[in-house]
Amino acid sequence: MEKIIVRGGHQLNGTVKVEGAKNAVLPVIAASLLASEGKSVITDVPVLADVYTINEVIRNLNAEVEFNAEHNTVVIDASNELETEAPFEFVRKMRASVLVMGPLLARYGHANVAMPGGCAIGSRPIDLHLKGFEAMGAEIHVGNGFVEAKVNGRLKGAKIYLDMPSVGATENIMMAAALAEGKTIIENGAKEPEIVDLANYLNQMGANIIGAGTETIRIEGVDKLHGAEHSIIPDRVEAGTFMVAAAITGGNVLIENAVTEHLRSVISKLEEMNVTVKEEGNGVRVIGPESGELKSTDIKTLPYPGFPTDMQSQLMALMLRAEGTSVLTETVFENRFMHVEEFRRMNAQMKIEGRSVIIEGASDLQGAEVAATDLRAAAALILAGLAADGVTRVTELKHLDRGYVNLAGKLAALGADIERINDTDDTVKPVTQEETEFATKSF
Ligand SMILES: CC(=O)N[C@H]1[C@@H](OP(=O)(O)OP(=O)(O)OC[C@H]2O[C@@H](n3ccc(=O)[nH]c3=O)[C@H](O)[C@@H]2O)O[C@H](CO)[C@@H](O)[C@@H]1O
Ligand SMILES: C=C(OP(=O)(O)O)C(=O)O
């Protein structure tokens with residue numbers, strides 16, 4: 001079994017570079033299905049399991065995809081006639097596969113995608129995506145584990161109010177509306193930087209979208225879209241994870257490519273906790289306080305620009321080491337506290353009360369064998385391990401590989417005592433880019 005082994009107590013120092021954002025590249029690759037002519041060239045693509053999965057999804061739909069992992073580039077030619085069915089084997093691995101629905105429906109008037117189902121962080125329905133398609137004239141049929149959307153002729157532009165600013169629904173509707181007849185207005189849309197990145201890519205493809213990044217997005221449908229070149233924005237969650245790694249070890253780390261504008265809410269909480277954060281060059285320098293000087297704080301997760309749910313478990317790890325009582329409230333997903341039990345195995349003093357976790361710090365964290373319950377929980381357990389006494393072993397690394405490129409290797413380069421091992425052959429080896437690629441290819 002693959003494990004990450006962390007021996008805590010080492011300060012992190014040096015420079016680390018952030019990859020392209022997972023949550024930006026997945027919709028961008030899905031959007032490439034809208035191009036009935038020309039090739040798309042996507043750069044700054046992170047080498048992640050989820051990227052291999054979305055590439056497989058669109059290959060299966062008959063798009064041509066070349067992933068040059070060494071150069072972080074994906075070239076997509078979707079000018080062939082495409083299939084319109086995405087089976088469960090892909091959607092099960094990665095919920096973002098549902099993002100092919102908007103493009104297929106808009107281009108072919110038909111999409112049949114396996115129902116994503118719930119996952120470890122919540123039930124995650126797609127009702128808002130479907131309501132949007134219906135408002136544009138699609139008929140929706142749910143049965144036999146699939147959700148099918150059909151329209152006679154083209155989708156028609158519509159005014160769509162989202163009950164909540166769902167990232168995926170905003171993306172799916174924006175992609176569908178790009179090729180619809182007439183104007184679509186999305187109200188109460190998600191404002192995440194990844195939405196802006198997708199809109200920029202769609203506009204490069206010939207779409208006419210304004211207002212992305214605000215709650216009202218206006219899309220004037222066009223008849224055709226073509227391939228385009230696009231580079232993916234840096235991953236704000238990976239950047240935030242390294243910020244916590246520096247803070248929790250009392251280290252001093254320059255995080256290159258971190259976009260401070262995308263990280264305001266995280267930076268503000270780190271500063272409240274007595275962590276120093278300074279913009280430097282094209283990144284951010286994070287300096288953790290001396291041991292015993294981290295201060296407690298309260299955090300509530302919210303849609304952007306509020307505090308991101310994808311940084312909740314990492315900040316929870318930091319709160320464990322802060323003096324005093326911290327309260328962390330999760331409002332985006334109803335069940336994103338599975339990591340609490342794992343932290344408790346590391347001697348964390350905390351309890352769940354409804355949608356909040358009350359943390360009594362500073363806990364004397366002890367190394368333990370812990371299992372990652374989802375992607376960000378995997379990172380958070382590693383972060384806790386950096387500050388724990390003794391050896392922490394983190395298992396269930398398939399979650400980690402979905403969203404972090406070589407996290408163990410990057411932390412080791414900053415001075416952490418960390419390695420990734422495979423128990424079955426007992427060889428202890430550092431994680432290289434090639435190994436990550438190899439491991440993720442077989443997913
Ligand atoms: C690939 C990707 O970009 N994933 C991100 C995306 O997920 P994702 O796009 O799935 O997240 P959403 O913003 O859609 O979900 C937010 C909340 O809305 C609910 N909801 C969503 C859609 C819907 O039709 N009905 C409904 O009730 C969800 O169950 C959840 O409680 O945004 C989340 C919230 O920032 C992040 O944690 C994920 O990392
Ligand atoms: C929840 C996440 O991703 P996904 O929506 O792909 O599950 C995440 O990136 O933390």
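Heads up, the Cβ atoms here are built off N, Cα and C, so glycines get one too.
Since we're looking at a predicted model, the values are computed, not measured.
Cβ neighbour count for Cys119 (active site, proton donor): 14 (other Cβ atoms within 10 Å of its Cβ, all protein chains included). Residues or ranges marked as active site, proton donor by TrEMBL: Cys119.
Sequence-distant neighbours of Asn23 (phosphoenolpyruvate binding site) (same chain, 6+ apart, CB under 8 A from its CB) are Val167, Glu192, Glu194, Asp235, Val237, Asp310. Look at TrEMBL and you will find Lys22, Asn23 tagged as phosphoenolpyruvate binding site.
Per TrEMBL, UDP-N-acetyl-alpha-D-glucosamine binding site is recorded for Arg95, Arg124, Pro125, Ile126, Asp127, Leu128, Asp310, Val332. For Leu128 (UDP-N-acetyl-alpha-D-glucosamine binding site), the same-chain residues that are 6 or more apart in sequence and have a Cβ closer than 8 Å to its Cβ are Leu162, Asp163, Met164, Ser166, Ala169.
What TrEMBL lists as domain 'Enolpyruvate transferase' is 6-411.
The 2-(S-cysteinyl)pyruvic acid O-phosphothioketal annotation in TrEMBL covers Cys119. DSSP assigns Cys119 (active site, proton donor) to a strand segment in the three-state reduction.
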Separation of alpha carbons, Cys119 (active site, proton donor) and Arg95 (UDP-N-acetyl-alpha-D-glucosamine binding site) (Å): 9
Arg124 (UDP-N-acetyl-alpha-D-glucosamine binding site): secondary structure state under DSSP, collapsed to three categories: coil
Residues among the binding-site residues Arg124, Ile126, Leu128, Asp310 that border ligand 2 - Cβ under 6 angstroms, in sequence order: Asp310
Fewest other Cβ within 10 angstroms of its own Cβ, chosen from the binding-site residues Asp127, Asp310: Asp127
Residue among binding-site residues Pro125, Ile126, Val332 with Cα closest to the Cα of Cys119 (active site, proton donor): Pro125
